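**Student:** Handing you this structure, nothing more for now.
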Amino acid sequence: MNRSMPCLALGALAAVLVGFGGDAEAQSYPDKPISVIVPFSPGGQTDIASRTLADALSEALGETVSVVNRAGAGGAIGTAEMAAADTDGYTLGVTASTPLMLKPFVSDVPYTVDSFDYVCRVFENPMFFAVKVDSDIASPKALADYAGSERLRYGSSGNGSVQHLAMLQFSDLAGVEGVHVANSSDADNLRNILADVITGTLTSSSVIKKNEDTLKPIGVMSRERSPIFPDVPTFAEEGFPVYYSLWGVLVGPKGMPEDVLATLRKGCADAQSSEAFQSRMNELGMVPAYMDGAEFEPLAKEESATSKALLEKAGLIQ
Amino acid sequence: MSGEASPRIRRVATGLGLSAACLLFAAAGGLLSPGDWLRAAQSKTIFPVVVLAGAILCGLLIAAGAARNSDTPFATAGLLKAVGIGALAAIYAIALPRVGFLIATTALSVLLPVLLGYRNIVAIAAFTIAILALVWLVFIRLMNVPLPL
Amino acid sequence: MLNDALAAVTLLVDPTTLVALLAGVVVGTIIGVLPGLGPSIAIALALPFTLNMSLGPSVALLMGLYCTSIYGGSVAAILLNVPGTPASAATCFDGYPMARRGDGDLAIGITTIGSAMGGMFSIVILAFLAPFLARFALRFGPLEMFLVGVFALCCVAIIERAILVKAVAAGLVGMALASIGQDPASGDMRLTFGYFPLAAGIPLVPLLMGLFAISEVMMRVAEYGRGPAEGTLARIGFRVPGLHFWRSAWRTVAKSSLIGIVLGILPGAGPTAASFISYSEAKRSSKDPDSFGKGNPEGILASEAANNAVTGGALVPSLSLGIPGDPITAMILAALVLQGVTPGPRLYTEHMDQVLLILFSLFIANIGILVAGGFGARLFTRVLRLPEPLLLAGVVVLASVGTFAGNNSAFDLVIMAAAGFLGWGLRVLGFPLAPLIIGYVLAPMVEVNFKQALIVYGTDPVVFLERPVAAALLVMILGVLLYPTIARAVGGMRRRIASR
């Protein structure tokens with residue numbers, strides 16, 4: 001099925017360009033392939049989750065949905081492209097917390113949280129603090145103690161990223177000071193953990209699951225314990241109420257036609273409830289977290305406002 | 001003027017030109033506000049500032065004659081032709097996604113040889129068809145590159 | 001172990017797997033040979049296909065693509081002076097002069113054999129030493145990686161000794177171009193010149209295609225119609241030098257493969273640094289260093305054995321620690337994880353069959369290089385007999401389409417055109433381009449690791465006493481920089497002793 005997808009995409013594209021596409025208005029949406037922009041390189045968690053969703057969405061909408069990777073500037077390049085795309089509903093994207101919530105405040109990007117129509121949330125991976133598997137640190141409390149007595153160095157995916165912000169909040173609550181060692185990829189952070197350059201990093205369950213031999217989760221920043229690692233305490237239950245997760249959301253540019261958005265939202269709901277999608281996500285250690293776009297939008301705006309206040313407090317807004 | 005003057009002038013022009021270009025790059029990129037980069041090694045601009053300072057220094061060294069033994073004879077002949085074909089290539093590259101690959105590629109693969117004085121019509125035609133087929137087969141068919149026809 | 005080997009072989013001799021491997025080798029070679037396309041695009045294209053394949057075929061496909069696409073990049077470097085990836089830039093030094101004097105068939109032969117030998121050598125090492133090597137790689141923290149980057153950059157001092165200042169200037173220009181977009185450590189934007197798309201930085205492929213392909217076309221246009229008109233007729237096919245050549249060259253192959261393996265294991269350095277370091281070492285230790293850069297087959301061998309040995313090396317941290325060293329192995333690793341392979345220390349103890357499947361596939365893919373080179377050479381070298389104007393038009397078309405294919409971006413084509421004029425200007429004024437590209441490739445690694453080393457170790461030089469690897473690297477850097485002086489002093493001393 002996958003093999004025919006790009007061919008179909010091409011065929012349709014060619015047909016439209018040469019003028020055989022017919023009157024798009026007369027037919028119902030969708031009548032040609034849809035592309036989903038992923039603002040990160042192939043192989044990462046957002047990419048894999050998006051590909052899984054694209055497969056399920058193709059099934060649900062009866063049209064080919066293919067993934068296009070547009071990496072760069074921590075996800076800002078691809079996210080900017082989603083915001084600037086045609087509003088016909090044939091160019092969508094899956095963006096993530098950092099580019100959507102935080103980048104607009106810390107960098108000069110041509111979009112804000114208001115530049116999008118929200119289709120649905122795709123996944124929400126609880127964020128764990130992971131340390132080397134043989135480390136003595138075993139809980140958020142122990143992490144705070146360690147930070148009090150020794151120099152805590154933590155990794156993140158950049159200045160003003162979700163990880164950075166969350167650790168600033170934790171350090172604040174614990175009354176300790178950590179050293180921030182930014183890096184551009186999960187892999188670099190893992191290396192730094194194994195080479196004892198940093199104590200640990202905040203990362204998602206799927207990354208820890210893939211590296212269970214070398215990493216150990218010691219705390220999760222969700223409200224309840226995660227079913228993936230039920231023995232790992234939450235930061236809140238040990239007295240550090242910090243709540244962050246790494247999520248991905250399917251969006252389109254602001255101003256898509258009502259009926260198109262409705263079709264997409266329904267398609268996304270069907271896709272995510274499918275057996276294939278659920279089992280694939282499970283294998284990947286990701287938490288499918290379907291939420292309708294209409295419901296998600298106010299949450300996103302709220303989180304964006306909170307983030308802005310936190311970034312301001314941390315002096316990260318230039 | 002002696003025969004020695006010309007290479008020296010070129011050397012000085014090359015070196016100073018490099019330094020000036022780097023300085024311009026730094027200025028346009030907003031690197032020339034010392035308050036920003038003197039603060040700490042953690043500043044995001046410290047690396048390009050150091051690198052560009054090094055390049056500017058190299059330019060001055062070249063102007064002073066440090067790479068003298070590398071002076072290659074400077075061929076002015078063909079310079080115009082090179083710039084012309086370079087411009088043709090640039091126009092082709094920029095036109096490619098706009099006018100489509102069929103028209104742009106046909107135009108280039110006919111124009112470039114003809115401009116160079118190559119007149120074997122049969123060879124040009126055969127080559128044009130071959131390159132169109134290759135691009136279509138590999139890039140459009142096999143790799144699904146959304147290149148407009 | 002034997003059972004695991006049997007299991008791996010069983011998976012491998014499955015017809016689907018063999019077809020996938022063959023497809024990987026053929027498609028990988030084609031992708032590698034075409035300017036602008038390389039291993040990263042090959043693996044990215046294959047990734048969605050592997051989702052619907054079982055373990056055997058998908059591993060075979062990926063490994064076939066991985067090593068042949070790196071190999072293919074060298075063919076374009078030799079025939080057209082256009083490196084398919086930065087890793088082949090050092091192959092241009094000697095490969096292109098050889099092709100120009102009519103020995104393209106020999107250059108292709110040496111590249112093919114050198115690549116296959118480097119690749120196979122690294123697989124043998126990978127099979128026996130991977131977990132050990134992975135632990136060794138962890139001794140390379142930010143300080144060490146910074147020094148590795150500086151060391152690779154300093155090798156330019158040996159390669160381009162005659163025009164040192166210009167080479168250094170080119171390297172610095174490359175580093176400045178690399179710093180456009182964002183600070184690789186913090187992710188903060190910088191040097192975007194107020195134009196948002198530049199936040200992604202100057203992408204590699206458009207830069208490479210502009211600097212090398214377009215500027216090469218411009219250089220050759222200027223010469224066209226003057227000079228000896230198509231004097232030497234290029235030989236067609238595939239030629240391998242005789243035994244007498246290998247008697248002295250095996251040392252270069254062994255040394256280069258080792259350099260490739262070590263650099264492959266280290267994160268972020270990769271095949272570009274490996275081929276440059278290995279080339280400079282071959283030149284340094286040669287009896288006739290001045291012949292390097294003028295068509296010395298050993299130069300090709302050094303670069304090629306090293307950049308293909310990186311493939312095995314790069315898989316070491318990916319498989320035994322789960323940490324990919326570069327974006328290409330990151331994609332391969334993602335595909336393997338989706339196939340149910342769990343990388344990490346336990347892979348070697350509990351799933352040796354999977355490890356062996358990967359190694360065997362890689363080994364056969366290296367044999368595939370020989371086959372692809374043997375069959376393809378006739379076709380590749382024929383390109384040299386094309387009338388020059390047609391060849392140049394072809395280069396422009398393929399470089400442009402290849403650039404567009406990477407990101408489907410019109411802006412990339414603008415960058416390519418601009419880089420073409422930059423490269424041409426630099427060449428006309430006598431600046432070498434290879435240092436520029438190595439500066440560009442290594443800049444992010446040097447910068448990130450320097451900043452992290454400062455955060456972690458501070459500015460106290462005592463750290464060099466605590467970290468022997470760093471101290472050794474520092475000595476090596478000083479060695480490279482002071483080598484000419486040392487060599488002269490030693491030579492002088494010898495002569496004095498001899499005269500006494």
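Note: Cβ is positioned from N, Cα and C throughout, glycine not excepted.
Features from TrEMBL:
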- C:18-438: domain 'DUF112' (DOMAIN)
- C:20-47: transmembrane segment (TRANSMEM)
- C:59-80: transmembrane segment (TRANSMEM)
- C:106-134: transmembrane segment (TRANSMEM)
- C:146-173: transmembrane segment (TRANSMEM)
- C:193-214: transmembrane segment (TRANSMEM)
- C:257-279: transmembrane segment (TRANSMEM)
- C:328-348: transmembrane segment (TRANSMEM)
- C:355-377: transmembrane segment (TRANSMEM)
- C:389-406: transmembrane segment (TRANSMEM)
- C:413-442: transmembrane segment (TRANSMEM)
- C:469-490: transmembrane segment (TRANSMEM)
**Student:** State the mean pLDDT for the domain 'DUF112' (C:18-438).
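**Tutor:** Across the domain 'DUF112' (C:18-438), the average pLDDT comes out at 89.
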**Student:** List, by number or range, the same-chain residues at least 6 past the transmembrane segment (C:193-214) whose CB is under 8 A from its CB atoms?
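**Tutor:** The answer is 35-36, 38, 80-83, 85-86, 89, 92, 177-178, 180-182, 395-396, 398-400, 402-403, 406-407, 411-413, 415-424, 433, 436-437, 440-441.
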**Student:** Residues of the same chain, at least six outside the transmembrane segment (C:413-442), with any C-beta under 8 angstroms of its C-beta?
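**Tutor:** Here the qualifying positions are 83, 86, 89-90, 92-93, 149, 152-153, 156, 159-160, 163, 166-175, 177-178, 202-204, 206-215, 217-219, 269-270, 272-273, 276, 399-400, 403-404.
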**Student:** Between C:59-80, C:106-134, C:146-173, C:257-279, who has the most Cβ pairs under 8 Å to the transmembrane segment (C:469-490)?
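**Tutor:** If we count Cβ pairs closer than 8 Å to the transmembrane segment (C:469-490), C:146-173 scores highest.
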**Student:** Which sequence positions outside the transmembrane segment (C:106-134), separated from its termini by at least 6 residues, show Cβ-Cβ distances below 8 Å to it?
**Tutor:** 67, 70-71, 74-75, 78-79, 91, 94-95, 98-99, 235, 238-241, 253-254, 256-257, 260-261, 264-265, 297, 300-301, 304-313, 315-317, 319-321, 345, 348, 355-356, 359, 362-363, 365-367, 369-370, 373-374, 377, 380-381
